[in-house]
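Trainee: Submitted below is the structure of interest, expressed as structure tokens.
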């Protein structure tokens, strides 16, 4: 391809056709990658090797790329990487057996529960020490950090209760399980933390308005302050490092809280010391900064988890993965009609419509649809999949979602 021709789709049709690109079933990720690299402009071609995975193409070696061009090529490479992952999943024996999956899930669950218990025990111990530090120093910033630890203890209990609730299974009362409890618990947790921020903000502003300096700390009080706050910071940092590697969303909430505590401890300590040594108002100003940070940080967490409960569409790369998986699933699939994926808690619900031959026997069609459903549900991002089998794709949508929505007419 000419180095200046930027209009030909790199993954599109032959001969610079302006028709929309059509992906053929016989096309493999390797052939698509080779075609992609062969059509790269000269200034980019040095960063690619047809025998290497798409993810290994180094665009940093390409010279003269604008930011927009770089983003475009990165998106194309990401698409090829998705196709390669799907083809790897479709290889015989690539999916783990049910026994292996259960063993892995059991191991991850034990690790998650261990992280939760350690975090809760640490929160209790740190709360006791911070209460003592607050009484000894009388610092507003330290008091804000202590209130944060109190809510850590309460909210940690909520998260752990949420985890235990998810473990109890009753297929008659909750046919699809209780995974939705997870984002609900995180929302409650985050809402409590944001409420703490408002309370601390009000108290700090009141102290600033009163314009009254507190008493200076004694050397003994400073020693207690340094010892407790620095110890708490080190413990919280270690817990953050321990929890952040978990794939469990509840443990991730713990990790975020531990990181938040590291920030509040450091800012609270600095504000308390500077307020004692220099200007008294530094202490309440530090508390105001912590309060604003708390409100913004945890309000964002509330929004992120609330969105997962209202059926937000999956990102385009997820839809591409599902479409490619459905297309590569079986040569008897004539067409992939519809692919939908939307959040329903922490994971996605997936709907796929495929077209088969009108003359195909019911048992054969059922086997194709069921095996595709099994493949999709083994993806780590998917909770449930629904595969609809049809013999044509010109019909109207089966579901009447809009009829349930409020009228937009005034």
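The backbone N, Cα and C atoms fix where each Cβ goes, glycine too.
According to Swiss-Prot, the feature compositional bias 'Basic and acidic residues' maps to 40-58. Among the features that Swiss-Prot reports, region 'Disordered' is placed at 1-58. The topological domain 'Cytoplasmic' annotation in Swiss-Prot covers 1-114, 162-184, 243-258, 304-410, and the record cites sequence analysis as its basis. Annotation source Swiss-Prot lists topological domain 'Vacuolar' at 136-140, 206-221, 276-284, citing sequence analysis. The transmembrane segment annotation in Swiss-Prot covers 115-135, 141-161, 185-205, 222-242, 259-275, 285-303.
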Trainee: Express the predicted model's confidence over the topological domain 'Cytoplasmic' (1-114) as a mean pLDDT, rounded to an integer.
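Mentor: Averaged over the topological domain 'Cytoplasmic' (1-114), per-residue pLDDT gives 61.
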Trainee: Give me the DSSP three-state residue breakdown of the topological domain 'Cytoplasmic' (304-410), ordered helix, strand, coil.
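Mentor: Output for the topological domain 'Cytoplasmic' (304-410) reads 38 helix, 27 strand, 42 coil.
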Trainee: Between the transmembrane segment (185-205) and the transmembrane segment (285-303), do 3 or more CB pairs sit under 8 angstroms, pairs being 6 or more residues apart?
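Mentor: The transmembrane segment (185-205) and the transmembrane segment (285-303): touching, yes.
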Trainee: Would you mind splitting the topological domain 'Cytoplasmic' (162-184) into helix, strand and coil residue counts from DSSP?
Mentor: 10 helix, 0 strand, 13 coil
Trainee: Using a Cβ cut-off of under 8 Å, list the residues of the same chain at least 6 residues beyond the transmembrane segment (115-135) that approach it.
Mentor: 142-143, 145-146, 149-150, 152-153, 156-157, 159-160, 163, 224-225, 228-229, 231-232, 235-236, 239, 242-243, 246, 248, 250-251, 254, 258
Trainee: Quick test of the contact rule: Cβ under 8 Å, at least six residues beyond the ends. What residues does that give for the topological domain 'Cytoplasmic' (243-258)?
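Mentor: The answer is 108, 111-112, 115-116, 119, 152, 155-156, 159, 162-163, 182-183, 185-186, 189-190, 193, 236-237, 301, 346.
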Trainee: Would you mind splitting the topological domain 'Cytoplasmic' (243-258) into helix, strand and coil residue counts from DSSP?
Mentor: 11 helix, 0 strand, 5 coil
